[in-house]
Each structure stands twice: as C-alpha cells, then as structure tokens.
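For reference, the structure discussed in these notes is given below.
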Amino acid sequence: MIPLVIIGAGGHARVVIELVRAAGRFNIVGLLDPAPPSDRILGVKVLGDDGALADLRANGISHAFVALGANAVRQRVANRLAEMDFTRPCLAHPSAEISPSAERRAGSLVMARAVLGTEALLDEDAILNTGAVADHDVRLGACCHVAPGCALAGGVVVGARSFLGVGTSVRPEIRIGSDVVVGAGAAVVSDLSDGIRAIGVPAKPMKGV
Ligand SMILES: CC(=O)SCCNC(=O)CCNC(=O)[C@H](O)C(C)(C)COP(=O)(O)OP(=O)(O)OC[C@H]1O[C@@H](n2cnc3c(N)ncnc32)[C@H](O)[C@@H]1OP(=O)(O)O
C-alpha cells in the first residue's frame, strides 16, 4: 500500500476517503485542512493545514490527492503539490467503467458508477462524479467538475475549471468553454463560451450574468 495524504476534510474529501479504501491501492496517512469540522474524519486524522506538506514530503510521503470541490482552489493546490514534487495519482472507484482507450491525467477522479468512454480524456485534477457518463471522445479539461448524474454525449468538450451541475445533459459535439457554470438539470444544446453561467432546458445564460 502506498502512503497517501489527502488535502481537504469536507464532504467531497469524505467520498474520496471511501473511494480510496474501496480501491485498495493507497493507505491514507492523514488529511490536511485549515478548518476541519473535527480532528478525525471517517477515522482519518487531520494532521494540520497545507503548512504540513513540506514535512510530509521530507519524511518520504510522495503521493498526495486534492479532495477539494472548488475548481479554482483545487487547481491552485494541485499546482503547489506539483512544485513540491508530489505525485497526484489518478483515482477511480472500482465500480466505475473506464474504457481501456480512455486517458486519465494526474489528480483526476472517477467516482462510483461513472462511465469514461472510448478515447475520452479526463485531464489533470478533473472530477467525473457519481454516475456521470462521459461518452466516446469526450474531453474534460483540467480541474473541471462533472457533477453526479450528468450525461455527456459523444465528442463533447468541457474547458478548464468548468462546472456542470447535477443531472446536466449535453448534446453530441458541443463545446463548453473554460470557467463555465451550468445549473442543475440543464440541457446544453449549443456551445457555451468561456465564463458563462447557464441554466435551463435548453440552457441559456442566466439573467444579469
Ligand atoms: C456530490 C455533489 O453534491 S456535487 C455538487 C452538485 N451541485 C450542483 O449541481 C449545484 C448546481 N448549482 C445550481 O444549479 C445553482 O442554482 C446555480 C449555480 C445555477 C445558480 O446559483 P445562484 O447564482 O445561487 O442562483 P439562485 O439560487 O440565486 O437562483 C437565481 C434564479 O435562477 C433560478 N435557478 C437557479 N438554478 C437553476 C437551475 N439549475 N435551473 C433553472 N433555474 C435555476 C432560480 O430559481 C432563481 O430564479 P428567480 O430569480 O426567478 O427566482
């Protein structure tokens, strides 16, 4: 078992802890969080905040995973880990369906019962959450988050740090830019440019944004 430190102690981190235990490859040595809800989360000790990273690295811990839901924050912490020469593993729940031709990059996460299809890409620190489907040739950008139950048809592209709310459906070949937010239950049937917040069926930009 490879020792692993997890950054984060919130709801997302709790799901990651259970996923790591189910996958069986890593031994969680502790969590780092500046304001944890308690000093133990699902039995894992909180060791301090990010300030503990240097000591952990010096003591031979080489693997770390960022379990923070906020996309921009996750990216910032992941960059710091990379600078400190930590390895960010790709994690996947054993019940996930990952095509042998799909590509996953450092720090990416595939939750329970999610599907990553043929020649799909899950870029660095991106999240494919519980039961979400990213079908063939989908490209999920760095630090994006596809929430539970989303359905992305073939060839969809999602840019860096974009967030697709729970149950979003996306038509084939659609391009969603970077830093986009799509509201829960939306149906995306036309391209969305960078920075847009969109809701509804069909998805339209939110008023005043
Ligand atoms: C494991 C996990 O839990 S992963 C996390 C999953 N989380 C999600 O899926 C959350 C997705 N978030 C949303 O859908 C949010 O509502 C957002 C981001 C789209 C908008 O949030 P806010 O900016 O706070 O919007 P707010 O709640 O103030 O609503 C503004 C208006 O938009 C409407 N609205 C908000 N979200 C939606 C939506 N998804 N679809 C349709 N209408 C919506 C509201 O009814 C409201 O309408 P009104 O002005 O007529 O009253």
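Cβ atoms here come from the backbone N, Cα and C positions, even for glycine.
Straight from TrEMBL, the features:
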- HIS136: active site, proton acceptor (ACT_SITE)
- GLY69: substrate binding site (BINDING)
- HIS145: acetyl-CoA binding site (BINDING)
- 4-81: domain 'PglD N-terminal' (DOMAIN)
- ASP137: site 'Increases basicity of active site His' (SITE)
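For the recorded positions GLY69, HIS136, ASP137, a Cα-Cα cutoff of 10 angstroms around HIS145 (acetyl-CoA binding site) retains GLY69. Long-range neighbours of ASP137 (site 'Increases basicity of active site His') (same chain, six or more residues apart, CB within less than 8 Å of its CB): GLY117, THR118, GLU119, ALA120, GLY154, GLY155. Across the structure, HIS136 (active site, proton acceptor) and GLY69 (substrate binding site) are spaced 25 Å apart at their Cα atoms. The recorded positions under consideration are HIS136, HIS145. Their Cβ neighbour counts within 10 Å are lowest for HIS136. Taking Cβ-Cβ distances under 8 Å and a sequence separation of 6 or more, the neighbours of the residue listed as 'substrate binding site' in its chain are GLY10, GLY11, HIS12, ILE127, HIS145. The average pLDDT for the domain 'PglD N-terminal' (4-81) in the predicted structure is 97.
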